[in-house]
């Protein structure tokens, strides 16, 4: 029986590894549903990394298993293996291939981040519209005669803020909705500057460009919505995050930065409405925000005692009536 050439076995193994790797990379089911425009970009990058990782795993583990079986010590063998040392072509190969893979993934990841708006210097002006400015930035915008040229140059050279900014299709445009997000131990507070609404949940319309101005009141927190593939630390210098939700629904908001003993309980939710439902929610909550009813300590105490409003009115009338009999 004619022996199959080693090249045929190598080619067959390469085809099998390639097919398995591509199948695993596109059918893994490891990620939650996609609910934002940024999610497909992140998922595509993850699929590529998983495909490459699967191929490397199969090649390395397959080679180990093959050599363990084929070159195992057999019965009656007492000698040692040949003292082989060094193989320049092989060493160059297994150094060059990982280096090329790392370079490719690094360049591609930067491209993905830029398409999401992360490293686009043109977004600095849009960030400055809503984000708090430092003293140096204020000096740069309103220079006085006493400001030296060196100080002005330093202010003008202030680097752009980084983070998840505006994607290229909305670059230079104002967001449809701005929300101030404050993280504190152990809650998220969402404030809508245009309406004065303050909420413990994030409400946004589907299909609209949303900008979050992130801040932390105590320690560092990290705003994470898995379905949006959106994770941004609330730290100085990275104040804004922009995204666009694509599916109506309710999704968890998680703090992904260890922030204290109850870090695991720092959760809330983002509710994505249709534009009509969002306007209804905003009108209802704006009325409450413009005329808040804050009960006094006395009112809360009376309510806890079960005293009716009529009885309170009678007591107050007697107390303010000079003709009433004093006990």
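One is the number of the first residue shown, and numbering goes on along the chain from there.
Using the three backbone atoms N, Cα and C, a Cβ is placed for every residue, glycine included.
As the structure is a computational prediction, the values presented were derived from the model and not from experiment.
Under the heading Cu cation binding site, Swiss-Prot lists 221, 255, 259, 263, citing a curator's inference as support. Under DSSP, residue 259 (Cu cation binding site) is assigned to coil, being neither helix nor strand in the three-state scheme. In sequence order, 183, 185, 186, 218, 219, 220, 221, 266 make up the list of same-chain residues 6 or more apart from residue 259 (Cu cation binding site) whose Cβ falls under 8 Å from its Cβ.
As annotated by Swiss-Prot, signal peptide applies to 1-23. Note on the signal peptide (1-23): residues 51-52, 54-55, 58-59, 62 of its chain, located 6 or more positions outside it, place their CB under 8 angstroms from a CB of the stretch.
Away from its own ends, the transmembrane segment (56-78) comes close to residues 13, 17, 20-21 of its chain (Cβ-Cβ under 8 Å, at least six residues beyond either end). Residues or ranges marked as transmembrane segment by Swiss-Prot: 56-78 (among others).
Look at Swiss-Prot and you will find 96-114 (among others) tagged as transmembrane segment.
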(request) Around the recorded Cu cation site, report the further residues of that chain (criterion: Cβ within 8 Å of the mean position of the Cβ atoms of 221, 255, 259, 263; site residues excluded), sequence-ordered. (result) 183, 185, 186, 219, 220, 222, 256, 257, 258, 260, 266
(message) Below 8 angstroms Cβ to Cβ, which residues of this chain, lying six or more residues outside the transmembrane segment (96-114), approach it?
(response) 41-42, 44-45, 48-49, 52, 120
(message) Counting across all protein chains present, how many other Cβ atoms fall within 10 Å of the Cβ of residue 263 (Cu cation binding site)?
(response) 17
(request) Starting from the Cβ of residue 255 (Cu cation binding site), draw a 10 Å sphere and report how many other Cβ atoms land inside it. (result) 25
